[in-house]
Amino acid sequence: MAAFLRSSFLSAEEVFSGCLLVAGDLQPPRGSGGSHHGSNSDPLMSPDYASISYTCNGSVDIRGNPASKNHTGKWRACYSILGGEFCGALAYYGVGTNLVSYLTKVQQQSNVAAASNIASWQGTCYLSPLLGAFLADSYWGRHRTIVISLTTFTIGMILLTLSAIAPASIHPVVISLQHALPFLGLFLTALGLGGIWPCVPTFGADQFDDTDGAEKVQKEIYYNWYYFAVNGGFFFASTVLVWVQDNCGWGLGFGIPTLFSVIGIIGFLASMKLYRYQKPGGSALTRICQVVVAMTRKINVDVPNDSSLLYEIPGKESAIVGSRKLMHTDGLSFFDRAATITSSDEKFLDSPNPWKLCTVTQVEELKVLARMLPVLLAGIIFNTAEAFFPLFIEQGEVMDNRIDSFLIPPASLTAFNCLCIIILAPLYNKVLMPMVSRITGTKRGLSELQRIGVGMVFAILSLFSAAIVEMVRLDIAKKKDLVSQSALVPMNILWQAPQYFFVGVAKVFSVVGFIEFAYEQSPDAMRSLCQACSLIMVTLGSYLVSVMLKFINSITEGSGSHGWIPVNLNEGRLDQLFWLMAGLHLLNLLAFTYCAMRYKRKIAT
């Protein structure tokens with residue numbers, strides 16, 4: 001399989017960018033000499049060519065030929081991508097949603113240790129996409145990266161399932177398999193997610209041609225359906241799978257998501273002929289370093305006032321494979337030194353040394369990343385809201401979870417978060433966007449940045465709600481004389497529903513907004529990498545929560561105090577933690593608003 005995938009990209013010809021191909025202005029791909037790797041005739045020269053239209057964004061089909069608009073891509077290709085994402089999301093959330101219960105009840109970890117370990121695991125899940133995105137953009141391409149990552153993730157799921165069914169009698173054998181396997185399985189799942197998360201949304205968006213107005217509109221709809229698929233898997237995991245894990249055992253509870261992971265791989269591979277592929281553009285890290293080195297070498301060189309004097313290769317195509325040219329923008333002019341032509345550069349303009357002279361497009365790539373960074377950094381605090389879910393669950397475990405004769409597992413309340421997303425994501429384009437369009441006067445309703453800002457407001461409301469619920473719960477515990485007892489407080493667990501609901505609304509706006517922002521505003525050859533950078537903000541948010549929990553617990557314990565997050569939450573002050581985070585989110589919203597108002601969008605030719 002690896003050899004087949006490799007050949008599908010090694011045989012790919014450079015394809016056209018710019019206007020739609022028609023028979024009248026057909027030219028063979030550059031460097032092909034009019035033939036296709038030894039073929040007697042170019043596939044584009046067939047008699048049926050005149051009746052076929054091709055994409056204009058450089059995408060190719062599985063054979064490496066320019067992708068046909070009639071036979072590849074669009075929704076026909078996205079069905080298997082979205083289906084695979086549903087299965088993958090179900091598998092991931094099938095583990096992560098109720099992992100706190102597995103660690104505390106099966107692995108016998110404390111509340112603080114379990115919450116901290118989960119936050120660290122989630123952070124690792126969102127850190128590994130840097131590696132996956134780099135390999136996808138630079139060498140493997142998105143499709144091959146997804147296949148390898150799905151396989152790695154599934155192996156991790158299998159190990160995690162084995163850890164749940166390993167009998168206690170084997171504990172003395174060398175090492176405790178029941179303790180070693182879950183950590184190895186969790187590591188492999190995190191490693192596998194590194195290629196899945198940054199590549200699946202971008203690979204799906206690649207199925208729509210940016211240069212075609214109708215397909216571009218469909219791509220904007222795709223982002224919402226992508227997030228719908230993610231949360232469809234989340235909903236199934238947080239309801240059915242959580243119930244199975246609590247009532248039928250962890251072997252079956254982990255085995256079901258493992259099966260879905262296998263189904264996801266099969267479905268994804270079944271539609272390979274329908275996909276549109278983007279060729280990897282070479283190392284983005286190398287190009288960034290080249291700009292920095294070239295700029296440093298010319299630290300004393302003045303940048304010309306006329307941007308047309310800066311270096312750029314002639315023609316419509318960019319020097320970077322898989323990327324359109326970027327127009328020069330004002331601001332961050334110190335980077336422009338890398339594209340400033342000096343007297344020593346003029347001798348080698350036909351083949352300049354990229355460590356001494358870079359193209360305008362290459363310089364603009366770095367400018368785009370620099371402008372995107374402050375926006376993405378605002379995602380760190382925003383993503384702490386979801387990283388607090390383990391504490392939401394622990395809060396629910398000391399509340400009354402009975403509805404008549406039915407017991408609601410505390411982790412199942414994440415279903416309110418899912419239901420909100422499942423309902424709002426499909427309705428966003430049909431209902432919300434037209435309503436907002438009437439207010440804003442723009443066709444899209446909200447830009448990516450406006451959408452992110454709205455989500456941040458709802459994240460603050462979620463923490464407000466959680467703090468108020470905890471204040472009331474502690475007050476009831478005090479009145480019922482339950483403070484010193486690790487007992488359930490007679491307050492119905494459904495009072496937690498609003499805090500989960502608000503997080504759901506926040507994610508519909510902000511998470512989809514970040515996905516769209518990372519794809520639309522990133523350089524063409526760095527889309528997976530920029531998607532990974534947006535995920536890194538989730539990583540940093542999770543690590544921030546992990547560090548904060550340990551730090552706050554250490555400084556609030558002692559001197560007769562049980563701390564804010566003790567084993568017996570009735571003795572704690574979890575409400576103060578929620579108020580603290582709400583204040584941080586408010587400050588973050590103000591900082592984001594300032595950055596968004598000053599943001600300068602990229603201009604592609």
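All residue numbers here begin at 1 and follow the chain in the order shown.
Yeah, the Cβs are placed from backbone N, Cα and C, and that goes for glycine too.
The transmembrane segment annotation in TrEMBL covers 146-168 (among others). Sequence-distant contacts of the transmembrane segment (146-168) (same chain, at least 6 residues past either end, Cβ-Cβ under 8 Å): 1-2, 5, 84, 88, 91-92, 95, 102, 106, 132, 140, 177-178, 180-182, 184-196, 199-200, 203, 249-251, 253-255, 257-258, 261-262, 264-265, 268-269.
Here TrEMBL flags 180-204 (among others) as transmembrane segment.
Per TrEMBL, transmembrane segment is recorded for 225-244 (among others). Beyond its flanks by at least six residues, the transmembrane segment (225-244) meets 78, 82-83, 85-94, 97-98, 200-201, 204, 252-253, 256-257, 260, 409, 411-412, 414-415, 417-419, 421-422, 425-426, 507-508, 511-512, 515 of its own chain at Cβ-Cβ distances under 8 Å.
Counting residues 6+ beyond its ends, the transmembrane segment (250-270) has Cβ neighbours under 8 Å at 80-81, 83-88, 90-92, 94-95, 98, 102, 106, 146-147, 150-151, 153-154, 157-158, 160-161, 164-165, 233, 237, 241, 244 in the same chain. If you look up TrEMBL, you'll see 250-270 (among others) marked as transmembrane segment.
Positions annotated as transmembrane segment by TrEMBL: 372-393 (among others). Outside the transmembrane segment (372-393), and at least 6 residues removed from its termini, the chain residues within Cβ reach (under 8 Å) are 100-101, 114-115, 118-119, 122, 410-411, 413-414, 449, 452, 455-456, 459, 462-463, 466, 496, 499-500, 503, 506-507, 510, 514, 517-518, 521-522, 530, 533-534, 536-538, 540-542, 544-545, 565, 574, 577-578, 581, 584-585, 587-588, 591-592, 595-596, 599.
Annotated transmembrane segment per TrEMBL: 405-428 (among others), in sequence order.
Per TrEMBL, the feature transmembrane segment maps to 449-469 (among others).
Positions annotated as transmembrane segment by TrEMBL: 500-519 (among others).
The feature transmembrane segment is assigned by TrEMBL to 531-552 (among others).
Taken from TrEMBL, the feature transmembrane segment applies to 577-597 (among others).
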Exercise. Determine which residues of the chain contact the transmembrane segment (405-428) at the Cβ level, with the cut-off under 8 Å and only residues 6 or more beyond its ends counted.
Key: 97-98, 100-101, 224-225, 227-228, 231-232, 234-235, 238-239, 242-243, 246, 389, 392-397, 399, 493-494, 496-497, 500-501, 503-505, 507-508, 512
Quiz item: Looking at the transmembrane segment (449-469) and the transmembrane segment (577-597), are there 3+ C-beta pairs under 8 A, with each pair at least 6 apart in sequence?
Solution: yes
Quiz item: Out of 500-519, 531-552, 577-597, which stretch has the largest tally of CB pairs under 8 angstroms to the transmembrane segment (180-204)?
Solution: 531-552
Quiz prompt | Chain residues in Cβ proximity to the transmembrane segment (500-519) (below 8 Å; excluding those fewer than six residues from its ends, i.e. six or more beyond) | solution = 201-202, 205, 220, 223-224, 226-227, 372, 375-376, 379, 382, 385-386, 389, 392, 413-421, 424-425, 428, 446, 448-452, 454-459, 461-462, 465, 527, 530-531, 533-534, 537
